[in-house]
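**Student:** Straight from TrEMBL, here's the annotation block:
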SIGNAL    1-19  signal peptide
DOMAIN    30-121  domain 'Ig-like'
DOMAIN    127-202  domain 'Ig-like'
DOMAIN    215-317  domain 'Ig-like'
DOMAIN    322-409  domain 'Ig-like'
DOMAIN    415-498  domain 'Ig-like'
DOMAIN    502-578  domain 'Ig-like'
DOMAIN    589-677  domain 'Fibronectin type-III'
DOMAIN    679-772  domain 'Fibronectin type-III'
DOMAIN    777-881  domain 'Fibronectin type-III'
DOMAIN    885-981  domain 'Fibronectin type-III'
TRANSMEM  994-1015  transmembrane segment
Amino acid sequence: MMTLVGPGLLLFLWQSVWALNIPLEVRQPPTIIKQSMQEHIVDPKETMVIECEAKGNPHPIFSWRRNGKYFNVARDSQVSMRRHSGTLDIYARNNPEQYEAEYQCIASNEYGSDVFSAVCSGAPVWPREILEPVVVSAGLPLVLSCDPPPGPPKPETYWMSSSFPTMQPVRQDRRVSMGVSGDLYFSNVLVNDSTADYCCNARFPYKNVIQQKMPVVVKVLTMAEAAPTWLSPKGSSSSILVLQGEELLLECIAAGMPTPHITWTKNGDNLPVTPRIKVKHFNKMIQISKASFEDVGEYTCAATNRIGYIEHTITVRVKAAPFWLEKPTDLILAPEENGRLVCRSDGAPRPTISWFINGEPIETAPVQPNRQTSGETITFRSVSAENTAVYQCNASNEYGYLLANAFVNVLHATPRIIGPRNEHIKVTEGSRTFLDCRYFGSPVPDLRWQEKGSFCECLWTHGNGTLEIKRIRLEDEGTYLCVISNIAGRDEDQVRVEVKEPIIIVTRPQSMKVMRGSDVRLECGVKADATTPVTTSWMKNKKVSLDESNLVITNVNNGDEGNYTCVIKNELEQKSASAHLMVMDRPNPPTDLELSDPYERSVRLSWVPGDSNHNPITVQYDDDDWLPGKWKNLSTYPGNLNSVILHLQPFTYYEFRVIAINEIGTSLNWFSYTAPDVIPRNLKGVGTWRNNMEISWEPLTYREWNGPHLKYLVWWRRRDSREEWKNATTKWLKYYIYDADTFTPYEIKVQAVNDFGLGPESPVVIGYSGEDRPIAAPLNLRVSDIESTQVTIHWDSVGREVIMGELKEYKVYYWRDSSQLRWLRVNRGMKSEVFPDNNPEPSGVVTGLIPYSNYKMYIVVANSRYEGPPSNHIHFSTPEGVPSAPKSFRIQQRHLDSIYVDWNLPEEPNGIITGYILKYQTVNASRGEELRVEEFLPNVTSFSIRRFDRYTRYRFSVAARTRLGIGEWHTEESPHYTTEIYAQDQVDITTQGWFIGIMCAVALLVLILLIVCFIKRSRGGKYPVREKKDISLEPVDDKDQEGSFDYREEERGLQRAQPSVEAIMKRSDSDDSLVEYGEGGEIPFNEDGSFIGQYTGTRRDVRELDFGGGLELHSPMNRIYSMA
């Protein structure tokens, strides 16, 4: 204990040096959070899944490379990429070999790109081949090759020998053994080796599949002795290279007759015996599970038999694939701060370090003056937003490589505490306690913990801000304050800790043996914190039985035997104690007596023993010597027998009975009876219809009948009434009471009865008759807090007397009646939501509503069987929300140098569409074009863009907008259009011959119709009166002295209201009639022979004409001239 400076203030200072987890709401580069293994083994018969998931803000966009080249997933019909993820699903039904490749997943957003690689290879297959029999002389060596598929991963091999009809593993010893390569070696062959066929099997652990090679037949000839020779490895010396950490296997298999003995030395000395080094396979193999540099040296194996001696030296070299000493970690820096990324690795030979930025070599990236790369380290000085990116470190040598991603995020963030605030936690004394204070900020904030009290050595602050109290005490109770700060500000949070005394079981239940029919009391006394209530429950054989501190069992029977556990718990912890109850009783009588093997002086008596009830039994035999009621003991035998031979007198009539005896007493005679002594269990009364009640119980077991003709006596009466008990006897396990009132409580009980009397009555149980349909509905249904997708509803409770049963729930029915957009058709399907009755002022929240819609709703009350009548219907409307994604988004190429996109309205506008936003950016262009944004009015649903060249592809994202904001985005990439595809699919229609021919035919037809019309108009020699100069014809009224016509008066009438064409056509049925232009008189002609009445007619009152509004009147001939 130590005292802090100041008035009782405990202060912990913590300068965080760990990599902060950026909250997802903060803009950040991508980070891959889920990926497949680096070596991914797949079965082409199944779907290949290569996982790639990442987080970031904005959400990353995924792309793939295969064998270093861009992999266009959209154009491959056998590959799909999951939505909002980069995971690939490959359905390699055709040519699965082409998908065995190295894949790179690239997750990108505007702040950088994160990369991971995976090698995808197919499952190896063992080639089919026919093996010829192997003929060898006895005493000579033999090698049976296995040659399993190479993997990866390397398969596990083993040999089986088959001799019809069995197959068993090959027994290995000093003479026969399997090598590291999987081959089977015989140091010398014996004649009996030809009695079986040999078959090599390979197990592939990635899928637990076993493949089998074709069996080989061995034929053995004569026998001869031979000096040792090497089967594996060959010659007098060899070398092996192993990587650090991998398994090292050294083997020496020698041939010879007799079988040679193998011994090992290292560097001329005896092989050291350590836990890492194991000599296996009858000294033929050395196994080192994880090789290290201390295993380097010369290993010599010697093979000896009585004919000769040979040696072989194996030189072991150990190299190392790259391994991490320090992986680069994410950097979160404030502007003008300094930082560095360190990538330290080691290996043999030493790895080469290469740096990448967003997946591209750092040498090709734009030069940044404040960034300096020096081997294993990238140093940043006075960082700015331009330094934000994802950096990759690649450490490689000739034996492997390592790849690590780390991002640098330059931002200025005020300290914030992440997670719940002002927590109040309760803990028990002596427990290990953690006080969380997850935080974020840039620059990395300083963390301080403060607590009013004294200092305890058990306090420890973790790197993520969590304060750990290893063993909390009562005096550690109080308020702890977490304070974080940096130059941008500070934040704090407090945690109140309340320490409670632990639960202590002071009286534990004791295991005991009791007599059947006695009473048992199991005690469970506890001591606990006075302010924390505890509950005590008992469990029998892991099933909850009672909730009492002390368990009392009266009239114990065999069914009460078992393990009883006392469970004490409060809101903080739980403790338990157990005891075993054993019920002692006299043994059950033997049954099924049977006589067999009768002879003159003996007979065999057999029986089925009864339950011994935890005590040994002996068996007595009694005989009847014709004196009724006088039984004598014939013999006594141990209780474990069920058959004996009895020695008897000849020519005597015998009756036998068997009695079992233990220390409690003797069993009842197997033919003795008594009244039942067990109460039927699980008695209950439930209504199945509105005017009945079903009384049911569990049956007694056959051993509990105690006599023949077991039945059940059922008793019932209405609760809280003075009526007498009613009863009925039945042999079934159910009894129905009819003509009962709806949902009325009844007192019920039951007892077993047989021919020898009544059993004990069961305790009285309350049952209820059936429920009926509720007769009233909830009143005053109303809504509040209407939001775009949810609404809070309220209603008045229903009285218990009108529910006609037990209240189960309130059920709300609602449907979308219409949209506030009148043109939008909606689905009026009805939905429902259930709310329990657990509040005196009932209310609930209905979710899943659609914005900007009109809804109707009503509510009913329900019991366990029926729903009541509906309440009043209410109408409400949800406010606007943000729209769903536009549908039918299409990308077309109408010309070689442009792309045309269009879209339709969102399926759910969720309000009044105020416009659209279109974002687009090149996908495969190297110029790094920035994201462009276009905004459109709500009536504009198309856009065209000019391409840089025919290989440029675009990624389009479109979203609708209401006044509340932008809705869901729909993103698509344009296909890879080429000149050939365009020439085939996008042909300009105006250049096609068939189109030009149709247009010419239409023009010719129009011209013919015009000519026919002109001829009909000019039939009868009619032509306009006009002077030599080119002036338009006008209507005239009176002829003056010079032969001209004065038309000014009529023109003034026409100016007031011009007649319609229809009115003029009504004047005459035919323009060829000359009489109707005068009043039955002659029609005057002018000097050139034309008639004037064609154009003037008889002077009429203008008011007689039928005028049309706003039509200009022209002569028919004027129309002809204007057409000409």
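Note: Cβ is positioned from N, Cα and C throughout, glycine not excepted.
TrEMBL annotations: computationally assigned, not manually curated.
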**Student:** Counting CB pairs under 8 Å, which listed stretch among 30-121, 215-317, 322-409 touches the domain 'Ig-like' (415-498) the most?
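**Tutor:** Looking at each of 30-121, 215-317, 322-409 in turn, the most contacts to the domain 'Ig-like' (415-498) are made by 322-409.
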**Student:** By DSSP, how many residues in the domain 'Fibronectin type-III' (679-772) are helix, how many strand, and how many coil?
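**Tutor:** Taking the domain 'Fibronectin type-III' (679-772) as a whole: 3 helix, 40 strand, 51 coil.
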**Student:** For the domain 'Ig-like' (215-317), give the DSSP counts of helix residues, strand residues and coil residues.
**Tutor:** 3 helix, 64 strand, 36 coil
**Student:** When the domain 'Ig-like' (502-578) is classified with DSSP, how many of its residues are helical, how many are strand and how many are coil?
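**Tutor:** Helix, strand and coil residues of the domain 'Ig-like' (502-578) number 3 helix, 40 strand, 34 coil.
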**Student:** Using DSSP, what's the helix, strand and coil tally for the domain 'Ig-like' (322-409)?
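**Tutor:** Tallying H, G and I as helix, E and B as strand, the rest coil: 6 helix, 52 strand, 30 coil.
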